[in-house]
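Now, the feature entries from Swiss-Prot:
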DOMAIN    18-398  domain 'ABC transmembrane type-1'
TRANSMEM  18-38  transmembrane segment
TRANSMEM  146-166  transmembrane segment
TRANSMEM  223-243  transmembrane segment
TRANSMEM  245-265  transmembrane segment
TRANSMEM  347-367  transmembrane segment
DOMAIN    430-664  domain 'ABC transporter'
BINDING   463, 464, 465, 466, 467, 468, 469, 470  ATP binding site
């Protein structure tokens, strides 16, 4: 299972949004990273540019500065070539500026004494006559720079505003695409679960499945929303910063480039430990969800049997284990986050000082203040995305583990092949041919089952608990598939039908009726838009639920909450009956359907069933044998085999297992009476 490829495949579903976001981000980063270059130009060309060579100009121009009645123009501002015989310089010494009206051979350490400017560089030293400039005179020399500085400031401000809008755009698009990816992923997971075989859920608590759909996908959402955004943003920032560093100084840029393999090695070491801890955390979190779900569902039993302490102890063990691994993860994050970033940052600045400090000792290698400013600025900016990446390592690993759990579920083979409901109603003839079945390999629960139910017949399945009654119906619905033999409907093997087609012929009523949150009507129709309100009411009337509708203020629109907890078990079963009948099935399955119904309600349903059985093949599982006396066929099962078959009179005449069960129940009834 390749987690990265699957995550990438989901991202490509919304590649237009992602590509647009990355383009916007690239433009925004480019605009923002232009700032230090603008600062460098302002420092070198305008603020410190006053120390460049000045020439006495023969004619005035717009860049000329008047000083003592003479016009001076800076070397890089000359519009026309002039004689360089008359050269002048301005030097800063401390907080003061001095004018030197002659050529200067070299630059170096500067001192001023008795109107003399002395410049020393190594063994060389030379003194020049110098005049200290007043504030007004200094301002005159800076005046030509004001326009350029204002333009650069406006450009910098404009780029910042420009960058903000593009940053907002990329952030919005990345968030939107991430939300859509997770929406799609959750839909896929939930849809896949709908198609999973019942066998999958036999050994998997519901809380664990819920945790994968909610908690794990939410962790993946953090990957796309936060981690992906941070990594893409930081990656583009780092690329832009390294490009700028190479433009400024290739040698030092290569030194800074060593940070990249350090981060890679860092991530490898981190993942080695974080992956294990996160797997434990997510697994225990699923167990906690399962435990909470189980406890809430069984709260009545827990309180009735005073099992609160034991339940709390089991929960505390899980919670303590979760706390332990969370602390281990915290220690790992503390060790490998800001501390290491600060160490790398300090090493980078040591290299910077070493490089520029060494260069300053060589007159030919003196670096401008603007370049130094830009380098320091870019180095500071470089560690912002590095810090961002490091801070997301924990979320990245958590998301990878969560993605692995979600994709593991998605890779589970489902049994619900694509198919449409049957276009024509089946006749209802059902045949089992030498069927054998085992839930666990080597432990057969059905052995060589063979029987035929003709159209419209009622077939009752009786036997002790574990004899295989429900397993026969599980095979008929294809909740499970038989290892041997075949099951046919109207002469056609059910294994040659899609499950959608097969189940469109059948309706089922279980021993424990399950109602969904919604209304009485939605529980009957299961939100099938093809079913009209009148059809819903008719189904309820057929099963004798009309008194229930009259009792409820809103009729079929009466809300149903928490599995129908406000309704009696008999009322819930009536709605379950109506649900089965509303879809007009050719085959009706009643799995202990009257077990939770009082005698009066059972009498109502029995009358209704006499009507709805007409034209339908009905399978009944019943422990109360008095309810199946009129069955056309009764199959008695024992240890997975049919040991007796026939109608009530025939089986009573045999005086076998059926006779014994019937007489036993009859005796109990008389005893109670």
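Even glycines carry a Cβ here, placed using N, Cα and C.
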Among 467, 470, which are binding-site residues, the residue with the most C-beta atoms within 10 angstroms of its C-beta: 467
For the domain 'ABC transporter' (430-664), the mean pLDDT of the predicted model: 87
For the ATP site built from 463, 464, 465, 466, 467, 468, 469, 470, further residues of that chain with CB within 8 A of the site's CB center: 471, 637
Which listed residue (464, 469) has most other Cβ within 10 Å, given these are binding-site residues: 469
Intrachain residues whose Cβ lies under 8 Å of the transmembrane segment (146-166), provided they are six or more past its termini: 24-25, 27-29, 31-32, 34-35, 38-39, 41-42, 45-47
Residues satisfying Cβ distance under 8 Å from residue 463 (ATP binding site), sequence separation of at least 6: 469, 636, 637, 638, 657
Greatest C-beta neighbour count within 10 angstroms, which of the binding-site residues 466, 468: 468
Three-state secondary structure, which DSSP defines for residue 469 (ATP binding site): helix
